[in-house]
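**Q** The structure is given below, and queries will be raised subsequently.
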Amino acid sequence: MFTVGLTGGIGSGKSAVSACLAARGALLIDADQVARDVVAPGTPGLAAVLAEFGTELANADGGLDREALGRIVFADPAARGRLEAIVHPLIREETARRMGEVSPSGIAVHDIPLLVEVHAEGTYDVVLVVEAPRELRLHRLEGRGLPRDQALARMANQATDSQRRAAADIVVDNGGSLDDLDARIEEVWQDLLARRDAKATAKATAKAETVASGTDTAASGTDTAAPAG
């Protein structure tokens, strides 16, 4: 399996890039979706969160009132730590399970917004960073109903463009049209296929050399063995 860590600042257009890659055959694992799934109604994760923070955080349909929980944990680092202690192991386990569904020759794309912030660069074969001009990102976020001041605050709490570039193997400029993006992702996809094949070849070569080395060692031991007297 070949793994790609996909990241970028809020409003950069990671979802559009993910869709383009998925259309070409990548298996997409969305970190935000996994985080929601592990505390879905009826899950052990939701039960653990409600036991820790109170059953009043359950909404009318039995799900988690994420806004109410957010108000608690964002104002209290200790509470945030308790929440992370519950959900992070579940997220890692579920992510690993989904990764395990990828075929040995497949390409898995893990969309993880805070990849650089949690220093996960070394976890993937390739880190792909999506960029877009700041004002365009703000325009996109305002179009989603996020006020400009809140959008700026969220940007300020994320890694900088230069920090993300430093971690990147591939950078995608998503400041143009969807057609521009699709053309760029086709280039990226061919690059990923080539990197995947190179990894597979290197692995096969290393395995063959290990087998050959073991055979040579065994033969050498046989040649130098003292004859029975």
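Glycine is no exception: its Cβ is also placed from the backbone N, Cα and C atoms.
What Swiss-Prot records for this protein is below:
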DOMAIN    3-203  domain 'DPCK'
BINDING   Gly11, Ser12, Gly13, Lys14, Ser15, Ala16  ATP binding site
REGION    203-229  region 'Disordered'
**Q** List, in sequence order, the residues of the same chain other than Gly11, Ser12, Gly13, Lys14, Ser15, Ala16 whose Cβ lies within 8 Å of the centroid of the Cβ atoms of the recorded ATP site.
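**A** Neighbours within 8 Å of the Cβ centroid, excluding Gly11, Ser12, Gly13, Lys14, Ser15, Ala16: Gly8, Val17, Val130, Ala132, Arg140, Asn174.
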**Q** Name, in the order they occur in the sequence, the residues of the same chain whose CB lies under 8 A from the CB of Gly13 (ATP binding site) and which sit 6 or more residues away.
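**A** When sequence neighbours closer than 6 are ignored, Gly13 (ATP binding site) has Val130, Ala132, Arg140, Asn174, Leu181 within Cβ distance under 8 Å.
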**Q** Report the mean pLDDT of the predicted model across the domain 'DPCK' (3-203), rounded to a whole number.
**A** 95
**Q** Check the DSSP secondary structure of Lys14 (ATP binding site), expressed as helix, strand or coil.
**A** helix
**Q** Do any residues at least six apart in sequence from Lys14 (ATP binding site), in the same chain, have a Cβ closer than 8 Å to its Cβ, and if so which, in order?
**A** Leu6, Thr7, Gly8, Asp111, Pro113, Val130
**Q** Within a 10 Å radius around the Cβ, which one of these binding-site residues has the most neighbouring Cβ atoms: Ser12, Ser15?
**A** Ser12
**Q** List the residues of the same chain that sit at least 6 positions away from Ala16 (ATP binding site) in sequence and have their Cβ under 8 Å from its Cβ, in sequence order, or write 'none'.
**A** Asn174, Leu178, Leu181
**Q** Ten-angstrom check, please: count other Cβ atoms within 10 Å of the Cβ of Gly11 (ATP binding site), all chains counted.
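**A** A 10 Å sphere around the Cβ of Gly11 (ATP binding site) contains 23 other Cβ atoms.
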